[in-house]
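Copied from Swiss-Prot, the annotated features are:
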BINDING   29, 30, 31, 32, 33, 34  FAD binding site
BINDING   196, 197, 198, 199, 200, 201  NADP(+) binding site
């Protein structure tokens, strides 16, 4: 509280914007990472404020995902701390089921985010030793003053739109990002080019083919495609189990052998594997292997055509680097997402320029001066849950110690009053 008085004494404090003192941390982002952190803080008895730029929790899931989406991993690897999925949920919950789970999660732990508040800047005030988080909402500015700041905006805050020659200036067809794609129904009978071959690109291509779109998918570089299940068991679960006992290179070797037995060779279909194994590549770069849920069948049947990198677009065509020209009506950019942290967090010691913590897992959750990060480990919802537990315990330890000291001071003061009387 002394820090708060020191801040109020400065002229800058008395500005036109409204200021709010937060006893506990401010959590930026009401996605799964922010909700998990808030729930763990609630369990520790620590107050908090969650600010969210959208008008709902988990806005990526609610507003920027396609209709057919399901979790690609079994539900036990995707549940948040302190609340499992309902027993009646399938092994791979649907998008709607996952959203319902998150809403129930927020209700259970009394998480009430302050919606429609976009964080414009957050900086640590050296004079007061406090964080100053400035937000805007409908033109109104507000500043939150807090001791702890939890960055939970995630790895996928902003879509990535690559610069491709002629795409935005020459091409006359429809161009959308995968975050705007809902269903292949509107593209029935049309010639659609999907740019990107990650999990989203593969599933969008599958959905388009299922709706009888004439589908081509750009594959510029090598990619690991694994079956979602091997002999009825989750491929991810098998890899997690093996990594407990075996070195990473051997896990990769076994995974690739098993994948070859299930899927066969993919090189004849234009899908070349990287030289580095899938788990090692994930560990080194964060690049997730594709878990096949049906796209390979469409590729093998010719319903989805694999094409090389793009050279340029013209009015109704795309020219590829191998000289091919394709007639197309629409383009879906399955080109991924990025962190937006550098655009608003005024700090360079903990976060790098790409918006991810500089320290590798498992030390990427805590910075200095009360700064924390949840959900930036490139290890999915399980990694975000580990971050949330660590952050809440760390803040909770300080909170309980200070609460204990305050009670002791009050008790001493109370005894003095009695003795004087």
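Cβ coordinates are placed from backbone N, Cα and C, and glycine is handled just like the others.
This view paints the features noted in Swiss-Prot onto the structure.
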{"residue": "29", "record": "FAD binding site", "Cβ contacts under 8 Å, 6 or more apart": "50, 51, 52, 151, 152, 153, 154, 375"}
{"residue": "30", "record": "FAD binding site", "Cβ contacts under 8 Å, 6 or more apart": "50, 51, 52, 54, 56, 57, 58, 59, 106, 111, 113, 115"}
{"residue": "31", "record": "FAD binding site", "Cβ contacts under 8 Å, 6 or more apart": "57, 58, 59, 60, 61, 152, 153, 154, 375"}
{"residue": "32", "record": "FAD binding site", "Cβ contacts under 8 Å, 6 or more apart": "58, 80, 102, 375, 381, 384"}
{"residue": "33", "record": "FAD binding site", "Cβ contacts under 8 Å, 6 or more apart": "152, 154, 374, 375, 384, 387, 388"}
{"residue": "34", "record": "FAD binding site", "Cβ contacts under 8 Å, 6 or more apart": "27, 28, 50, 52, 113, 150, 152, 374, 375"}
{"residue": "196", "record": "NADP(+) binding site", "Cβ contacts under 8 Å, 6 or more apart": "178, 217, 218, 333, 334, 335, 336"}
{"residue": "197", "record": "NADP(+) binding site", "Cβ contacts under 8 Å, 6 or more apart": "217, 218, 219, 223, 271, 290, 334"}
{"residue": "198", "record": "NADP(+) binding site", "Cβ contacts under 8 Å, 6 or more apart": "223, 288, 290, 334, 336"}
{"residue": "201", "record": "NADP(+) binding site", "Cβ contacts under 8 Å, 6 or more apart": "178, 194, 195, 217, 334"}
One residue among the binding-site residues 199, 200 has the fewest other C-beta atoms within 10 A of its C-beta, namely 199
Can you name every residue in this chain, apart from 29, 30, 31, 32, 33, 34, with its Cβ inside 8 Å of the center of the Cβ atoms of the recorded FAD site? 27, 35, 36, 37, 50, 52, 57, 58, 152, 153, 154, 374, 375
DSSP output for residue 33 (FAD binding site) maps to helix
Compute the mean position of the Cβ atoms of 196, 197, 198, 199, 200, 201, which form the recorded NADP(+) site, and then list in sequence order the other residues of that chain whose Cβ is within 8 Å of it. 178, 194, 202, 203, 204, 290, 334, 336
